[in-house]
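Residues or ranges marked as Mg(2+) 2 binding site in Swiss-Prot (evidence: sequence analysis): 296, 319. Positions annotated as domain 'KaiC 1' by Swiss-Prot, on the basis of sequence analysis: 1-248. The domain 'KaiC 2' annotation in Swiss-Prot covers 262-519 and rests on sequence analysis. The phosphoserine feature in Swiss-Prot is assigned to 432; the stated evidence is sequence analysis. Taken from Swiss-Prot, the feature phosphothreonine covers 433, and the record attributes it to sequence analysis.
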């Protein structure tokens, strides 16, 4: 049960092994820290109110006790032990049982509610001795301190704060414990800590943020430094679930998933022919177009075909209710309720604004892990993009597509464009590069009548039809016809009819080229 002792590296007769780490078993945290926290060192966790500092400190101890049987010590300067124990219950962590078993000890250093007056020179000697006594008595390997700001907020001299924090960190290192020390900051992107000195006396610094982006809050974590070892750079989104902190280390994702040559049907025979025999299994398809062009219809046919093949499927809907989806599908001869009754289909409908993108991503991953579908659909991505930054939205899409490919799932997503007719950007967030197949749907005005057009704009690794097909929607679903004949500039929104003379001239030129080639 003894951890590797880092201070042995300082002995001349012991070969250097580098900084060794202990896994935190916090979802995603070990990935961005390249293996966990350095053993025998103190990590400063800084953040504004509500970022999850206390939760991280408690979860660090709980996971260490639960997975590795390392005794832990929690030192609280703010909340009472009873509040900490009660709050932990909401995550399924029975701290009282760990205390009764002698695996966890909570040292109550919270302030006297009646107030206290400081007289003379301030130092932490008595507190440091209490911590040392508790560490040795309970043989603690892990220590969490929450938070040092509460101790020093009534003292103005930065030199005193620096001196006492340095003494505390030095004693923890001498005791050979791996510790987390939380501190508050005033701004999300300002000074790292309240007093401006905490980060300089700590070996490692982790910054938690809770930033208002657009109309939603977004939590991120950044590893500012891990002294003597490597870590991932930048901010990574995280959410707080019933299991605690869950980080999405998108930068740690590797493009190592297998690619299948097997084809699956879209549920529309003509569309399969346009795609060279159907979609690739485990590929990501994006149908983009104005409202009413038939995107949800293509999604419904895609899901229906999967259920017909006895495959499981999930539809994540962010614009329509379950009743509305079922009603619309029935008008095309698709019975969603029967598929659900057979256990082949799952409809999940929610408003995009009901949660942050990280929460939606976590929910999608959890549902996929539980239901184990072969096909998933999201209708629509553009609904989720409302009120968030392009970068946050792109990270969300990368998280979904990366997880789907990892699980070898075929994904069909829709995107609603803001222009009703004419040329338009496929997506505003450049997510088109992440998808494997793009179906472009749009309206076309021909001789005063409105028609629909469909084009396989892109399909990685496969031949596909380059033509712009006309299609209509009937009670059987989409009816894809031949390409628009005698018309050009359809995608631009200004279709122009090619005259007979122009056609004859083009034919003559083509025949001339063929004759010269034959000679």
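For all residues, glycine too, the Cβ spot is worked out from N, Cα and C.
Its Cβ taken as reference, residue 319 (Mg(2+) 2 binding site) is surrounded by 18 other Cβ atoms within 10 Å in the chains shown. Residue environment of the residue listed as 'phosphoserine' contains 15 other Cβ atoms, counted within 10 Å of its Cβ in all protein chains. Listed in sequence order, the same-chain residues six or more apart from residue 433 (phosphothreonine) with CB atoms under 8 A from its CB number zero; the list is none. When other Cβ atoms within 10 Å of the Cβ of residue 296 (Mg(2+) 2 binding site) are tallied across all protein chains shown, the result is 24. In the three-state DSSP classification, residue 319 (Mg(2+) 2 binding site) falls within coil.
Rounded to a whole number, the C-alpha distance linking the residue listed as 'phosphoserine' with residue 296 (Mg(2+) 2 binding site) is 18 angstrom. For the domain 'KaiC 2' (262-519), the predicted model reports an average pLDDT of 86.
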